[in-house]
Amino acid sequence: MASKVSPSCRLVFCLLISAAVLRPGLGWYTVNSAYGDTIVMPCRLDVPQNLMFGKWKYEKPDGSPVFIAFRSSTKKSVQYDDVPEYKDRLSLSENYTLSIANAKISDEKRFVCMLVTEDNVFEAPTLVKVFKQPSKPEIVNKAPFLETDQLKKLGDCISRDSYPDGNITWYRNGKVLQPVEGEVAILFKKEIDPGTQLYTVTSSLEYKTTRSDIQMPFTCSVTYYGPSGQKTIYSEQEIFDIYYPTEQVTIQVLPPKNAIKEGDNITLQCLGNGNPPPEEFMFYLPGQPEGIRSSNTYTLTDVRRNATGDYKCSLIDKRNMAASTTITVHYLDLSLNPSGEVTKQIGDTLPVSCTISASRNATVVWMKDNIRLRSSPSFSSLHYQDAGNYVCETALQEVEGLKKRESLTLIVEGKPQIKMTKKTDPSGLSKTIICHVEGFPKPAIHWTITGSGSVINQTEESPYINGRYYSKIIISPEENVTLTCTAENQLERTVNSLNVSAISIPEHDEADDISDENREKVNDQAKLIVGIVVGLLLAALVAGVVYWLYMKKSKTASKHVNKDLGNMEENKKLEENNHKTEA
């Protein structure tokens with residue numbers, strides 16, 4: 001027996017079919033959701049009092065409906081249709097708000113809320129839009145370098161997993177790059193994942209670089225739409241190595257050119273301003289037309305003065321692109337004549353010359369026994385004090401370490417010379433006898449006494465300085481005696497004697513010998529006296545000349561006066577004679 005369907009059920013079924021076909025409603029309403037979030041769609045219908053149930057459906061691309069959720073107003077129960085893509089993802093609230101968890105791109109559909117009464121069906125459509133933020137763009141497949149004046153692929157800017165697809169923009173130093181024929185070419189490509197329906201967008205940039213692009217940052221960005229509107233994400237900056245040809249060559253000298261001296265090692269370094277810099281060059285040495293192929297450095301060892309000249313380097317393939325420099329190898333020669341150890345006799349003449357040859361003006365310093373001399377030594381008559389160690393030293397101040405020195409060890413020899421002096425002590429009880437000796441090598445002194453007498457003290461000797469020293473004894477002779485002083489060195493033996501009266505007999509004392517220092521003082525005083533005398537003589541001579549000129553003029557004047565007086569007297573005598581004749 002067939003079941004009977006009530007008239008009200010038949011009416012509801014007809015209304016649902018007609019609602020599915022006619023799709024009346026309140027108009028379009030859009031819900032934006034982020035990928036992976038929960039989509040919340042309010043029903044947007046006022047719930048009628050005689051509501052029987054509510055349903056949600058979505059429409060396929062061909063317009064056919066697919067029911068997904070049902071809620072009864074009387075039984076307060078919820079039922080979800082067996083739709084695989086929405087299994088365990090749906091939630092229908094009491095106010096008929098539908099929530100879809102874990103939003104997917106496939107959820108981007110037209111959903112419809114349906115409220116059904118016994119006599120009517122009310123619909124409210126909702127359009128769902130799902131957005132997926134893309135990954136941060138990155139520049140991949142980067143060119144290891146870019147060459148000037150060549151259109152070359154710089155790299156790819158890629159942004160993954162976006163929905164809808166984004167738009168990529170390239171920037172140079174923060175400014176947008178636009179396609180320019182022959183200079184900038186941009187190729188855009190997008191791909192969609194069949195499973196996730198997400199887009200991967202790629203933009204390839206071909207760029208013709210110039211030297212102005214050195215250290216310039218390149219970036220890219222992706223612009224996309226999200227639930228709240230348009231947004232942009234930027235990549236990290238990338239700086240590319242720019243290759244460009246060498247336009248200028250420079251040459252450097254190590255060590256610095258003004259400090260090169262004989263014996264140094266010179267390194268020539270040639271540099272090109274290209275990138276990458278040239279690795280090989282041609283080096284040209286003075287007087288050698290053929291170049292030497294080498295790396296960017298060329299070293300000359302133990303250079304001599306003949307290495308002075310012009311040096312040049314050039315590119316291997318462009319000989320006209322070259323650089324040159326002038327190198328001066330500083331030198332310093334010193335010749336001392338005589339040098340080494342020289343033995344001369346006292347009174348001899350010894351010319352000494354220190355000859356300098358240098359690349360620049362050199363300073364010359366003379367030292368004697370480590371004491372600086374005011375002038376170079378000159379020996380017209382050698383003295384014992386001239387003996388010593390002489391050093392001629394020269395240096396170039398501008399060149400560190402360039403100095404030379406030669407030494408002369410002068411030995412002044414002489415036979416012993418003796419002078420004896422005596423002096424009575426003011427007390428009158430003793431006499432001091434001194435034997436002054438000159439000579440080199442140092443003579444040995446011996447005393448002998450002839451006659452009776454006694455030696456009060458032992459022999460006393462002075463220091464041996466500049467070939468001189470003395471020996472003295474103190475005696476108190478009771479009678480006249482003769483003292484003999486003997487001085488002997490490798491050259492000769494010299495003897496001198498001195499008669500000394502008894503202590504009771506007064507006698508004339510002989511002055512001590514003048515020391516070198518006192519002799520110099522005496523010489524200085526003598527020079528001063530001679531200068532004063534010469535000055536006085538010159539003054540007297542000038543005064544005499546002046547006096548002679550004065551007297552000469554005076555005599556000339558007196559002659560004229562006497563002549564006039566004589567003429568007057570003669571005239572007077574003639575007149576007197578005339579008077580006598582007349583008488």
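Note that Cβ sites are derived from N, Cα and C of the backbone, with glycine treated the same way.
Sorting the domain 'Ig-like V-type 1' (28-120) by DSSP state (H, G, I as helix; E, B as strand; all else coil) yields 6 helix, 42 strand, 45 coil. Swiss-Prot lists 28-120 with the feature domain 'Ig-like V-type 1'.
What Swiss-Prot records for 28-527 is topological domain 'Extracellular'.
Taken from Swiss-Prot, the feature disulfide bond applies to Cys43-Cys113 (among others).
Taken from Swiss-Prot, the feature N-linked glycosylation site covers Asn95 (among others). All chains included, 11 other C-beta atoms sit within 10 angstroms of the C-beta of Asn95 (N-linked glycosylation site).
As annotated by Swiss-Prot, domain 'Ig-like V-type 2' applies to 125-234. Here the domain 'Ig-like V-type 2' (125-234) is broken down by DSSP into helix, strand and coil counts: 3 helix, 70 strand, 37 coil.
A simple way to gauge crowding: the CB of Cys157 (disulfide bond) has 27 other CB atoms within 10 angstroms, across all the protein chains here. What Swiss-Prot records for Cys157-Cys220 (among others) is disulfide bond, and it gives sequence analysis as the kind of evidence.
Residues or ranges marked as N-linked glycosylation site in Swiss-Prot (evidence: experimental evidence): Asn167 (among others). Here Asn167 (N-linked glycosylation site) comes close to Val201, Val222, Thr223, Tyr224: these same-chain residues lie at least six apart in sequence, with C-beta atoms under 8 angstroms from its C-beta.
Averaged across the domain 'Ig-like C2-type 1' (245-328), pLDDT in this predicted model comes to 91. The feature domain 'Ig-like C2-type 1' is assigned by Swiss-Prot to 245-328.
Asn265 (N-linked glycosylation site) falls within neither a helix nor a strand when secondary structure is assigned with DSSP, and so counts as coil. Note: Asn265 (N-linked glycosylation site) has non-local neighbours Thr299, Leu300, Thr301, Asp302, Val303, i.e. same-chain residues 6+ apart with C-beta under 8 A of its own C-beta. Annotation comment: Swiss-Prot describes Asn265 (among others) as N-linked glycosylation site.
For Cys270-Cys313 (among others), the entry in Swiss-Prot reads disulfide bond, with the evidence type sequence analysis. When secondary structure is read from DSSP and collapsed to three states, Cys270 (disulfide bond) falls in the strand class.
Asn306 (N-linked glycosylation site) falls within a helix when secondary structure is assigned with DSSP. The N-linked glycosylation site annotation in Swiss-Prot covers Asn306 (among others), and the record cites sequence analysis as its basis.
Residue counts of the domain 'Ig-like C2-type 2' (333-409) by helix, strand and coil are 3 helix, 42 strand, 32 coil (DSSP-based). Residues or ranges marked as domain 'Ig-like C2-type 2' by Swiss-Prot: 333-409.
Counting Cβ atoms from all protein chains shown, Cys354 (disulfide bond) has 22 others lying within 10 Å of its own Cβ. What Swiss-Prot records for Cys354-Cys392 (among others) is disulfide bond, and it gives sequence analysis as the kind of evidence.
Among the features that Swiss-Prot reports, N-linked glycosylation site is placed at Asn361 (among others). Close to Asn361 (N-linked glycosylation site) in the fold, though at least 6 residues off in sequence, lies no residue with a CB less than 8 Å from its CB.
Annotation source Swiss-Prot lists domain 'Ig-like C2-type 3' at 416-501. Broken down by DSSP into helix, strand and coil, the domain 'Ig-like C2-type 3' (416-501) contains 0 helix, 54 strand, 32 coil.
Marked as disulfide bond by Swiss-Prot on the basis of sequence analysis: Cys435-Cys485 (among others). Around the Cβ of Cys485 (disulfide bond), the same chain contributes Ile418, Met420, Cys435, Val437, Ile445, His446, Trp447, Ser471, Val495, Asn496, Ser497, Leu498, each under 8 angstroms and 6 or more positions distant in sequence.
For the domain 'Ig-like C2-type 2' (333-409), the most Cβ-contacting stretch among 28-120, 125-234, 416-501 is 416-501 (pairs under 8 Å). It is 43 Å from the Cα atom of Cys113 (disulfide bond) to that of Cys157 (disulfide bond). The separation of Cys392 (disulfide bond) from Cys157 (disulfide bond), Cα to Cα, is 78 Å. There are 26 other CB atoms within 10 A of the CB of Cys113 (disulfide bond), with all protein chains counted. Closest in space to Cys43 (disulfide bond), of the recorded positions given as Asn306, Cys313, Cys354, Asn480, is Cys313, taking the CA atom of each residue. For Asn480 (N-linked glycosylation site), other Cβ atoms within 10 Å of its Cβ number 15. Secondary structure of the domain 'Ig-like C2-type 1' (245-328) per DSSP (helix as H, G, I; strand as E, B; remaining residues coil): 6 helix, 39 strand, 39 coil.
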